[in-house]
C-alpha cells in the first residue's frame, strides 16, 4: 500500500507540474503569440544543456543511494551531504561555463540570462533525497503551493507579446522557490554529522556512469527543439514544445511509477530479494501497459481538433505533430519500467546507458534528413524512432533476467482494446460538431469502450483493481 500511496502522491505532483503550464498555455499562446512561445522554447533548450551538466546523473543516483542506506540514519546523512557537495560543485562549474558561453553567444542574451535562474535552482534541488526515503508527501505539498503561485503570477503579470522575458523569469523563479522550500525539513529528517567525515569524491565515478545516459536522453529531448530552431525557425521549436507538453502530461500518469518504484526495488535488491524484484516488475509492466495503450490511442484520436481549440489560431501544425508523437507514450512507458525500475536499481547501468545512447544516436542521425524534408513532423518521427530504439535495446538487455511471455502475456488485450476505442472516437472527432462538449463526450465514450473491452477480455488490471478496492474497504 505504501508504493500505491507514493505513486498517487507522485502522480499528483507530476500532473500539477505539467498541468500548471497547460492551464496557462491557452492564455500565454495568445498573449505571447507563436514567436514569443518559440523564443522561450529555443532559449530554454539551450540552458537545459548546462542544467544537464550540473545535475550529472544525481537524480537517479541520489535516489538509489539513499534507498540503500535509509535504515541507517548516520550513513544516510553522510551520503546526502556528500552527494549534495558534488551537486553544488557541478552547478558552480556549469554556471562558469554558461558565463563563458555568453561571451560568444549574443543572440537573445536577455532571455538567456533570465533562463540562467533555472541553472541556479539546480543547486538547491534535493527532491532526490525525499524520493529515496519514499516520502513523496513533502515534495508534493510544498512544490504544489509554488506551482499555483506561479500560475497566478503569469495571469497577473504577463499582458502582451513584449513580456517574454517576464514570463521566463516567473517560471524560473517558481522552480527556484520550489526547491528552496524543501530545505527546512532537512534539519528534522537528518541527524547532525561531522563535516570531517565527509568524502564526496568516491561518488563522482558512479555519478558519471549515470551522467552519460542523461546526456543521451537530453539529446533527443532538447536537441529536437534546438535543431528545429536552427534548421526551420524558432516558431517550430515552440510548436514542438507545445505538442511535447501535452504528451508529457499524459506520460506523467505512467512514468510516476518509475520514481516510486526505483527506491522500492533498490531496497529489495539491497536485501538480495530478486524474486520480489521480478514480481514487482511484471506487475508494474502490466499496469503501465494498461494505462499507456488507451492514452496513446486516445490522444491520437482527438489531437487534430484539440490543439487549435486549446491553443488558438496559429497553432494548427501542432495537431498532426502530436498525433505522431503519441506513439512515444507506450514506448517511454515500457522503457521506464525496464530501465528506471529494473536496470538501474539492480546495478545494470551499462545496459541502461547503452540503451539511451542508442536512442540518442538514432535521433541525431534521423533528425537531419527528417527535419530537412518534413520540418516539425520530421522531428516527431525522429523522436518516435529513437524511443522505439531505446525500448528494443532494453528488451534485449533483460533477456535471461526476465520472462518475455510473462511481460507481454496480456499486452495484446490492451492493444486490441485501444484499437477498438480509437476507431469510433477518431470518427467522432473528425465528423461530428467541433466543440468542447463534443470533445468531452468523445473522451467519455473512449473510456467506456476501453473499460468494457478490458473487462470482456479479462485483463489482469481488472484483478489488480479489485484487490486494491477490497484492500481499501477491508481497512
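Sequential numbering from 1, following the chain as shown.
Positions of Cβ are set from backbone N, Cα and C atoms, glycine also.
Per TrEMBL, these features apply:
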- 7-29: transmembrane segment (TRANSMEM)
- 41-62: transmembrane segment (TRANSMEM)
- 83-105: transmembrane segment (TRANSMEM)
- 164-183: transmembrane segment (TRANSMEM)
- 204-223: transmembrane segment (TRANSMEM)
- 246-266: transmembrane segment (TRANSMEM)
- 287-307: transmembrane segment (TRANSMEM)
- 327-345: transmembrane segment (TRANSMEM)
- 352-374: transmembrane segment (TRANSMEM)
- 380-402: transmembrane segment (TRANSMEM)
- 414-430: transmembrane segment (TRANSMEM)
- 436-457: transmembrane segment (TRANSMEM)
Report yes or no: does the transmembrane segment (380-402) come within contact of the transmembrane segment (327-345), defined as 3 or more CB pairs under 8 Å with a sequence separation of 6 or more?
yes
The transmembrane segment (164-183): which same-chain residues, six or more beyond its ends, come within Cβ distance under 8 Å?
21, 28, 32, 36, 39-40, 43-44, 110-111, 114-115, 117-118, 120-121, 124-127, 130, 138-139, 142-143, 145-147, 149-150, 153-154, 157-158
Which stretch, 41-62, 287-307, 327-345, 436-457, tops the Cβ pairs under 8 Å count with the transmembrane segment (204-223)?
41-62
Decide whether the stretches the transmembrane segment (436-457) and the transmembrane segment (41-62) have at least 3 CB pairs under 8 angstroms, with pairs required to be 6 or more apart in sequence.
no
